[in-house]
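Following: one structure in C-alpha coordinates, then a few remarks.
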Amino acid sequence: MKNIAVLISGHGTNLQSIIDHIKAGKLKCNLAVVISNKEDAYGLVRAKKAKIPAYFIDHKDISREEHEKKIIEILKKYKVDLVVLAGYMRILTPHFIREYKNRIINIHPALLPSFPGTDGYGDTWKYGCKVGGCTIHFVDEGIDTGPIILQKINPLRENDTLESFKKRGLKLEHQAFPEAIKLFCEGRLKIEGRKVRVSK
(Lines of atoms letter the chains of each structure in order from A and count residues from 1; the text may use other names and numbers.)
(Lines give C-alpha, C1' and ligand atoms only; values in the text may rest on other atoms or scores of the structure.)
Protein backbone atom coordinates (compact mmCIF):
# COMPACT_ATOMS: atom_id res chain seq x y z
CA MET A 1 0.00 0.00 0.00
CA LYS A 2 1.33 3.44 -0.98
CA ASN A 3 2.10 6.05 1.67
CA ILE A 4 0.85 9.54 0.87
CA ALA A 5 1.54 12.92 2.46
CA VAL A 6 -0.80 15.88 2.16
CA LEU A 7 0.62 19.41 2.29
CA ILE A 8 -1.83 22.16 3.22
CA SER A 9 -1.97 25.85 4.08
CA GLY A 10 -5.61 26.31 4.96
CA HIS A 11 -9.01 24.85 5.75
CA GLY A 12 -8.31 21.40 4.36
CA THR A 13 -11.60 20.45 2.71
CA ASN A 14 -9.75 18.43 0.05
CA LEU A 15 -7.79 16.75 2.84
CA GLN A 16 -11.10 15.85 4.51
CA SER A 17 -12.39 14.37 1.26
CA ILE A 18 -9.27 12.18 1.00
CA ILE A 19 -9.68 11.07 4.63
CA ASP A 20 -13.36 10.24 4.01
CA HIS A 21 -12.61 8.25 0.85
CA ILE A 22 -9.97 6.20 2.68
CA LYS A 23 -12.32 5.53 5.62
CA ALA A 24 -15.08 4.44 3.22
CA GLY A 25 -12.72 1.97 1.55
CA LYS A 26 -12.93 3.80 -1.79
CA LEU A 27 -9.26 4.77 -1.71
CA LYS A 28 -6.67 2.18 -0.76
CA CYS A 29 -3.61 4.01 0.52
CA ASN A 30 -2.09 5.05 3.82
CA LEU A 31 -2.41 8.74 4.59
CA ALA A 32 0.88 8.76 6.47
CA VAL A 33 1.31 12.42 7.38
CA VAL A 34 -0.11 15.94 6.98
CA ILE A 35 2.20 18.97 6.90
CA SER A 36 1.27 22.66 6.98
CA ASN A 37 3.25 25.87 6.74
CA LYS A 38 0.50 27.66 8.70
CA GLU A 39 0.05 26.98 12.40
CA ASP A 40 -3.64 27.95 12.35
CA ALA A 41 -4.55 25.83 9.30
CA TYR A 42 -7.77 24.00 10.18
CA GLY A 43 -6.53 21.07 8.11
CA LEU A 44 -4.17 20.24 11.01
CA VAL A 45 -7.23 19.85 13.26
CA ARG A 46 -8.85 17.57 10.67
CA ALA A 47 -5.71 15.42 10.59
CA LYS A 48 -5.52 15.15 14.38
CA LYS A 49 -9.22 14.22 14.59
CA ALA A 50 -8.50 11.40 12.13
CA LYS A 51 -5.43 10.37 14.19
CA ILE A 52 -3.04 11.20 11.35
CA PRO A 53 0.40 12.57 12.30
CA ALA A 54 0.32 16.32 11.65
CA TYR A 55 3.18 18.81 11.56
CA PHE A 56 3.44 22.58 11.41
CA ILE A 57 6.69 23.66 9.76
CA ASP A 58 7.06 27.43 9.95
CA HIS A 59 8.51 29.03 6.82
CA LYS A 60 9.13 32.42 8.40
CA ASP A 61 12.70 33.55 9.16
CA ILE A 62 14.29 30.66 7.27
CA SER A 63 15.16 30.13 3.61
CA ARG A 64 12.89 28.21 1.28
CA GLU A 65 15.59 25.53 1.05
CA GLU A 66 15.81 25.16 4.84
CA HIS A 67 12.03 24.96 5.11
CA GLU A 68 11.83 22.26 2.45
CA LYS A 69 14.70 20.33 4.02
CA LYS A 70 12.59 19.98 7.18
CA ILE A 71 9.61 18.81 5.11
CA ILE A 72 11.71 16.27 3.19
CA GLU A 73 13.05 14.86 6.48
CA ILE A 74 9.46 14.17 7.57
CA LEU A 75 8.51 12.71 4.18
CA LYS A 76 11.46 10.33 4.38
CA LYS A 77 10.64 9.40 7.98
CA TYR A 78 7.18 8.27 6.84
CA LYS A 79 8.48 6.65 3.61
CA VAL A 80 6.15 8.77 1.48
CA ASP A 81 5.47 7.59 -2.09
CA LEU A 82 3.21 10.45 -3.19
CA VAL A 83 3.10 14.11 -2.13
CA VAL A 84 -0.35 15.70 -2.50
CA LEU A 85 -0.59 19.50 -2.57
CA ALA A 86 -4.07 20.33 -1.30
CA GLY A 87 -4.23 24.10 -1.09
CA TYR A 88 -0.54 24.39 -0.27
CA MET A 89 0.29 28.03 -0.96
CA ARG A 90 4.05 27.75 -1.43
CA ILE A 91 5.98 27.31 -4.66
CA LEU A 92 8.30 24.30 -4.42
CA THR A 93 11.97 24.62 -5.34
CA PRO A 94 13.45 22.65 -8.25
CA HIS A 95 15.42 20.60 -5.69
CA PHE A 96 12.22 19.43 -3.94
CA ILE A 97 10.56 18.65 -7.27
CA ARG A 98 13.56 16.62 -8.45
CA GLU A 99 13.64 14.75 -5.11
CA TYR A 100 10.03 13.62 -5.69
CA LYS A 101 9.97 13.69 -9.50
CA ASN A 102 6.62 12.50 -10.90
CA ARG A 103 5.47 11.87 -7.32
CA ILE A 104 3.91 15.26 -6.53
CA ILE A 105 0.36 16.14 -7.59
CA ASN A 106 -1.54 19.39 -7.28
CA ILE A 107 -5.12 20.54 -7.69
CA HIS A 108 -5.91 23.74 -9.56
CA PRO A 109 -9.36 25.41 -9.62
CA ALA A 110 -9.51 25.99 -13.39
CA LEU A 111 -9.12 24.06 -16.62
CA LEU A 112 -5.39 24.39 -17.25
CA PRO A 113 -3.63 25.72 -19.22
CA SER A 114 -6.24 28.49 -18.83
CA PHE A 115 -6.05 30.66 -15.73
CA PRO A 116 -2.97 29.49 -13.82
CA GLY A 117 -2.24 31.23 -10.52
CA THR A 118 -4.09 31.61 -7.25
CA ASP A 119 -7.63 32.60 -8.34
CA GLY A 120 -8.74 30.09 -10.95
CA TYR A 121 -12.44 30.32 -10.14
CA GLY A 122 -12.43 34.12 -10.02
CA ASP A 123 -10.44 34.43 -13.25
CA THR A 124 -12.76 31.97 -15.06
CA TRP A 125 -15.78 33.91 -13.82
CA LYS A 126 -14.43 37.35 -14.73
CA TYR A 127 -13.45 36.24 -18.24
CA GLY A 128 -17.02 35.16 -18.99
CA CYS A 129 -16.21 31.53 -19.76
CA LYS A 130 -19.04 29.10 -20.46
CA VAL A 131 -17.27 26.29 -18.58
CA GLY A 132 -14.79 26.11 -15.75
CA GLY A 133 -13.62 23.22 -13.66
CA CYS A 134 -10.62 21.81 -11.88
CA THR A 135 -7.40 20.14 -12.93
CA ILE A 136 -5.23 17.55 -11.17
CA HIS A 137 -1.69 17.58 -12.51
CA PHE A 138 1.79 16.40 -11.76
CA VAL A 139 4.05 19.16 -10.46
CA ASP A 140 7.01 20.24 -12.55
CA GLU A 141 9.35 23.21 -12.21
CA GLY A 142 6.87 25.66 -13.74
CA ILE A 143 3.76 27.08 -12.06
CA ASP A 144 0.64 25.03 -12.86
CA THR A 145 2.39 23.63 -15.95
CA GLY A 146 2.86 19.92 -15.14
CA PRO A 147 1.31 17.03 -17.11
CA ILE A 148 -2.46 16.80 -16.59
CA ILE A 149 -3.85 13.68 -14.91
CA LEU A 150 -7.56 14.53 -15.07
CA GLN A 151 -9.99 17.41 -15.35
CA LYS A 152 -13.58 17.89 -14.20
CA ILE A 153 -15.95 20.24 -16.03
CA ASN A 154 -18.11 22.80 -14.22
CA PRO A 155 -20.48 24.61 -16.67
CA LEU A 156 -21.41 28.16 -15.71
CA ARG A 157 -25.16 28.65 -15.41
CA GLU A 158 -27.08 31.80 -16.31
CA ASN A 159 -28.19 32.35 -12.72
CA ASP A 160 -24.79 31.57 -11.16
CA THR A 161 -23.02 33.81 -8.71
CA LEU A 162 -19.29 33.48 -8.19
CA GLU A 163 -20.09 31.81 -4.86
CA SER A 164 -22.44 29.20 -6.38
CA PHE A 165 -19.90 28.48 -9.14
CA LYS A 166 -17.13 28.01 -6.55
CA LYS A 167 -19.34 25.80 -4.38
CA ARG A 168 -19.99 23.39 -7.26
CA GLY A 169 -16.32 23.52 -8.16
CA LEU A 170 -15.30 22.48 -4.67
CA LYS A 171 -17.59 19.43 -4.88
CA LEU A 172 -15.84 18.45 -8.13
CA GLU A 173 -12.44 18.91 -6.47
CA HIS A 174 -13.53 16.52 -3.71
CA GLN A 175 -14.26 13.88 -6.38
CA ALA A 176 -11.23 14.56 -8.56
CA PHE A 177 -8.45 14.41 -5.97
CA PRO A 178 -9.29 10.96 -4.56
CA GLU A 179 -9.79 9.70 -8.13
CA ALA A 180 -6.32 10.87 -9.18
CA ILE A 181 -4.68 9.51 -6.02
CA LYS A 182 -6.37 6.15 -6.64
CA LEU A 183 -4.97 6.02 -10.20
CA PHE A 184 -1.47 6.78 -8.92
CA CYS A 185 -1.66 4.23 -6.10
CA GLU A 186 -2.86 1.55 -8.51
CA GLY A 187 0.11 2.23 -10.80
CA ARG A 188 -2.15 3.24 -13.68
CA LEU A 189 -0.49 6.53 -14.63
CA LYS A 190 2.31 6.77 -17.18
CA ILE A 191 3.84 10.08 -18.24
CA GLU A 192 4.78 10.35 -21.93
CA GLY A 193 6.04 13.87 -22.62
CA ARG A 194 3.15 16.18 -21.79
CA LYS A 195 0.57 13.39 -21.83
CA VAL A 196 -0.45 11.22 -18.89
CA ARG A 197 -1.67 7.84 -20.09
CA VAL A 198 -4.22 6.11 -17.87
CA SER A 199 -4.23 2.32 -18.15
CA LYS A 200 -7.34 0.22 -17.53
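If you go along the chain as it appears here, the first residue is 1 and each next one adds 1.
Note that Cβ sites are derived from N, Cα and C of the backbone, with glycine treated the same way.
All annotation found in TrEMBL is predicted automatically rather than curated by experts.
Pulled from TrEMBL, these are the features on record:
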- 2-181: domain 'Formyl transferase N-terminal' (DOMAIN)
- GLY12, THR13, ASN14: N(1)-(5-phospho-beta-D-ribosyl)glycinamide binding site (BINDING)
- ARG64, MET89, ARG90, ILE91, LEU92, ASN106: (6R)-10-formyltetrahydrofolate binding site (BINDING)
- HIS108: active site, proton donor (ACT_SITE)
- ASP144: site 'Raises pKa of active site His' (SITE)
GLY12 (N(1)-(5-phospho-beta-D-ribosyl)glycinamide binding site) - helix vs strand vs coil (DSSP): coil
Tell me, what is the mean pLDDT of the domain 'Formyl transferase N-terminal' (2-181)? 97
ARG90 ((6R)-10-formyltetrahydrofolate binding site) and THR13 (N(1)-(5-phospho-beta-D-ribosyl)glycinamide binding site), compared by Cα position, are separated in whole Å by 18
Fewest other C-beta atoms within 10 angstroms, as judged across MET89, LEU92, which are the binding-site residues: MET89
Using Cβ-Cβ distances, find the residues under 8 Å from ASN106 ((6R)-10-formyltetrahydrofolate binding site) that belong to the same chain and are at least 6 apart in sequence, listing them in sequence order. LEU85, TYR88, ILE136, HIS137, PHE138, VAL139, ASP144, GLY146
If you count Cβ atoms within 10 Å of each one, which of the recorded positions THR13, ARG64, ILE91, HIS108 comes out on top? HIS108
For (6R)-10-formyltetrahydrofolate: widest Cα to Cα gap among ARG64, MET89, ARG90, ILE91, LEU92, ASN106 in Å: 19
Near the Cβ of ASN14 (N(1)-(5-phospho-beta-D-ribosyl)glycinamide binding site), how many other Cβ atoms are there if near means within 10 Å? 24
Fewest other C-beta atoms within 10 angstroms of its own C-beta: which of the recorded positions GLY12, ARG90, ASP144 fits that? ARG90
